[in-house]
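First up is the structure itself, then whatever we jot down about it.
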Amino acid sequence: MLIHPEINPVALQLGPLAIHWYGLTYLAAFGLFFFLASLRLRHEPYASITGPGAWSRRDIEDILFLGVMGVVIGGRLGYCLFYKPGYYLTHPLEIFAVWQGGMSFHGGMLGVLVSQWWFARSRQRPWLQVMDFIAPCVPTGLAAGRVGNFINGELWGRFSAPDLPWGMVFAHSGSMLPRHPSQVYQFLMEGLLLFVLLWLYARKPRKMGQVSGAFLVGYGVFRFIAEFFREPDDFLGILALGMSMGQWLCVPMIAAGIWLWIWASNRTSRR
């Protein structure tokens, strides 16, 4: 049995300014995205895509800027709407209290979809071409976010078997019984494993929409599995059919990914 180290969430204190580890993981996520997107720009199929114009470093900068806006706004609104709609309907001003925590991946994903639709429209590019470009660069950012969750000792897992070698006690959970370190599970599955699989899959020319479909299915499946080990939000608990809110949100995501991949596979054009 392991004990969570209870790391100070503040990485650096500069007078009244507190720099949190969680904020640094967000910076790491955006930095990794820019690095990986730059690598993608040098390789097929994007190195040879010229219509309606060659891809450039400026494109990546704009994609990242709009993506950050989509993640923050969509993630916050998604949390408020998916997890605590009743509370935020009666306390609407607290939607802006982002320092209190509360972000949703599924909401952030919707925010990114909208922001990249705007980018694609402004560049007169196919929206799916843009999404296929960025999809393999996303999992490392998810991995960085799970590192932040672990450092904060939040989003811990359900109770594990007492003899599980990596079972971990999280002091903030209110119990001294070992739990699954679900943040680590998600780091490995939604972060590293999904990144490797998607990066390798996307290195070969694919029909437009296939990479995006593969991402939706891959993330949805890994998140669905991880939810069996993650402690449900105490204000929601387990919902219909014994599934958590995270799992219910993954169901349409997986279905959409399967549909998109099949639809893209039946297309005659790769772009």
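Even glycines carry a Cβ here, placed using N, Cα and C.
These features come from Swiss-Prot:
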{"type": "TRANSMEM", "residues": "17-37", "note": "transmembrane segment"}
{"type": "TRANSMEM", "residues": "63-83", "note": "transmembrane segment"}
{"type": "TRANSMEM", "residues": "95-115", "note": "transmembrane segment"}
{"type": "TRANSMEM", "residues": "182-202", "note": "transmembrane segment"}
{"type": "TRANSMEM", "residues": "209-229", "note": "transmembrane segment"}
{"type": "TRANSMEM", "residues": "243-263", "note": "transmembrane segment"}
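Most Cβ pairs under 8 A with the transmembrane segment (17-37) among the ranges 63-83, 182-202, 209-229, 243-263 are made by 63-83.
Between the transmembrane segment (63-83) and the stretches 182-202, 209-229, 243-263, the greatest number of Cβ pairs separated by less than 8 Å involves 243-263.
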